[in-house]
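Feature annotations, reproduced from TrEMBL:
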- A:507: active site, proton donor/acceptor (ACT_SITE)
- A:163-169, A:232-238, A:245-248, A:297-303: FAD binding site (BINDING)
- A:444: substrate binding site (BINDING)
- A:131-313: domain 'FAD-binding PCMH-type' (DOMAIN)
- A:348: site 'Important for enzyme activity' (SITE)
């Protein structure tokens, strides 16, 4: 890597982000899917259950379902070959930071790692050495006071700020607007990673916003608690990030989404700090200001501390699974679960494509008995129950509670599933389904090594439109891919990941082999845009929990209406008239350099 | 230049009857193994639903269940009894499709077809495409409608090309036909009441029944956008209800896409031609009955020429509506309570007109159609004329040449002479009395058809003479779509006292006249500017007019102009008579009550040898259209049920425009 400019830094901390995470892919440096010597797909490292394991069936799936030729590779550029432009010069702010004894650096690698999220664009750009506009200096506040000082410094020295938590954004929220002329400060919250207190009486906990999900949960677990919030990104995302993106956790049925879990937020804005005088379970004091902060995506300020509910660790946590003859029955089952309000902590439905992929990702069986068992159960389902392999679907769930509660819950759900021709698939398969979630994120990097572009995106939708939306969006992705000249079969798959009283959250996975296309990324963009249009036309939303960022801005107006957008703009101009928090997420602001108006 | 009309040639068109022979005749044809694509819904494997399953899906749908509950509540009866009612409705409307019956019925139909027709021409390549499309999306046939044979033929063609036989939306009147009703039902027709306005339950059951077919793609679907058979040989103003019902699942997102296939069905001889003529004269429509159909057996012993089925390009509804119909505006409504807003309704209506436009563009115009135009013109000069074949031939030849200039293609089967003789001597010989029959240049004269009694004080003799004129008009009408806009523009230019007239003035007038005549010449609403531009370009390219640098229009080919404008004048004269009728003393109760009075007026005018009055003007259809136009423009105002009043200011404006127009075209520059 080369950056031909003078590096200026001060008291640079040793950060996990710079040490054990990949610079151009998902997750830990040591963990990835590879093709081993036998020509099979295996997973490296030691951090996951599947680490060191082989998935003998997966290569076949990869080749058949995506049309991959493993001999054809599209390797990523080496970090040493990457060229980084000099930062925008602003010596005043560096002087200021030094004066205040705030840690900072403008070293190329440090800037590079904080200049992107995890969209397919971000990854492809890094792999191809196309480096976007990067933040010009990274700062690490150690206290809330330092955050305030940084914001003040940015205002008096004409800088912009983009806060960064875990960096797992999939909405281009972390990208610096290309038109930004000012020096951009990346406000890295990594050092604000402590639990301040745990209140056993009220079951709340106050933490600094930079604490990473898995550390937060581990520390709470050690004291007998759980935070109950478990997004798929929990290994890397932070409490502050959850708040500012309106995150949703896998077990929201039992514990609630982030907006239900938050009791108090401290929020630093250019106009000062927003916080409430009390920490109460509910308050009627006009519109809830928390709702302005939740989902503000770094456009108004930065979350510094959060008080959240905590819960005693459940006595029992058990996985479960069901197999349904088709997606329709699965959705009907989910709808009935919601109607009866008997949701387990988590409940997910995979479509046939994902079911097939999941089967292919199973690790090599260590005993003949193991493989025999699955053959027998397969026979039972296909021959005895008459399920068709091309239509079969699976649901997985997590029960949490006392042993009695869990047993009772499991019984009810099993009985209900049978009404929809569901077959109970056992705990092992359920657990496997959830493990897969963490693995899937790594899978894209393997695909990218062989010319595959892929992404996941999500939406929320009322019950009566779940099936039509899933079907139409998948069909659109297939047809549009064909129209755009994709020559190989595409992966268009979905799952229902959350169950609400009035609807569900649906997750789409889309991937295709871009080999032979002149501009695969452009093709990808067109299809994703068309897919989102279709989602909205079918009654779905702009996003359930990934947020808007810059990627989905074009649907904000239809989503919220002109008056709604004007209100958001008014809030922005009141809290941040100079547009210091210049990530340009959510909406375009008139008069700002990145405004299209 | 864009062309109207089709030339029927191999290999684009294939003759079904030849194929039938190749297959070894009707029996072999109906018994051969079939491979219909099984109805498939995207996202699930192809599954053939049983009739009981279809029925169940209707009764179990949330819409029908909701309405049943509401009705029970409203009428204060049990849900069970309303449900029973719904079941009865469903039984009444539902088809009872069964392939074995189709084969049996198909045998009879095929044998009859073979006997009736000399050729059944189909542009078959489109059908292969349609078959492929039907595997993914529900295909909806929207044929033009001129005869009962339309749906028999279409089903036969689907059978031939292994396309799922359509579920046909048929009128209730067919159902009451003994035997035939049942046969239709078993070959996949379902029956709808002609009007069910406020009956919420019927509405729910019927739309759910139609839509379950659309959503599950069990079968293809067929309905007639003109709703009823056109008795006048040209397209009727479209109806929108059924189209809206069929499109709704797309708007709701219940299907990914729908494929609409406009089908133009043209006949050398419409089997109902005489019935239509009587009906248009005002003799009551004979009830659809099997015995009525059997009486038609005498028809079966006659040659009826050819029919032509032209399948248009399949239209993807998704592509067609693109962003003009935002499905996202409907998504705040629950599925079970779906309402289409006004803007969307307008778009759907426009689409209906678009389909009719395609019917016309793809219609086969035959030599017979042209001959009828010519013969009516001959009769204009002398209504008892005896004319010779050569005269007819040369005039037909001349008109075909004129039409060619503006891109209208007249289908020639063999050659003009052979075609003309074929139509006159074999297919339509029942209209003529021939003299010197053995000579090459024989003489022709029209015969009178008996009518039972005088009607509305119009003498029986005139009535009898007019039958053949109405038949001729039905056939001459079949080509009018190819020149209507051209002729209106040219007439407007002729009428003007100046040689050069600005385009914008002509456009305004063009729009006004087209709007008055919109039931005669179907146009696409809100696209009249486009139509105008297109027509101007045709006239310019064909060297009939020129466009000056300051955007003025000027006729340069007067000879062609006269020929083309003459074709449209009868339509305007007809309307003019209705407008000029002395409305001041009338107590108008409804449109139909006025028709005999206007017919009487026409008879008087005819007896006084008034210029430009044809016997075919007795036809009730254009009279009705003219009165409707008066109502739409406000010359007649509807004040209540059975109470209309003339607005003399508006009527006078209308009269003035029309009188100026027609007087000038009669006198100017001629």
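Glycine is treated like the rest: Cβ placed from N, Cα and C.
Every protein chain considered, the tally of other Cβ atoms within 10 Å of the Cβ of residue A:303 (FAD binding site) stands at 30. The residue listed as 'active site, proton donor/acceptor' and the residue listed as 'substrate binding site' have their C-alpha atoms 16 Å apart, to the nearest angstrom. A straight line from the CA of residue A:348 (site 'Important for enzyme activity') to the CA of residue A:233 (FAD binding site) spans 17 Å. Nearest neighbour of residue A:444 (substrate binding site) by Cα distance, taken over the binding-site residues A:163, A:167, A:303: A:167. Per-residue pLDDT, averaged along the domain 'FAD-binding PCMH-type' (A:131-313), amounts to 97 for this model.
Compared over the binding-site residues A:163, A:167, the count of CB atoms lying within 10 A of a residue's CB peaks at A:163.
Residue A:507 (active site, proton donor/acceptor) falls within a strand when secondary structure is assigned with DSSP. Within 10 Å of the C-beta of residue A:444 (substrate binding site) there are 22 other C-beta atoms, taking all protein chains into account. In the three-state DSSP classification, residue A:444 (substrate binding site) falls within a helix. Shown in sequence order, A:165, A:166, A:168, A:212, A:213, A:231, A:247 are the residues of the chain, 6+ apart in sequence, with a C-beta less than 8 angstroms from the C-beta of residue A:237 (FAD binding site).
Taken residue by residue with DSSP, residue A:348 (site 'Important for enzyme activity') is part of a strand. Close to residue A:299 (FAD binding site) in the fold, though at least 6 residues off in sequence, lie A:572, A:576, A:581, A:583, A:584, A:585, A:586, A:587, each with a CB less than 8 Å from its CB.
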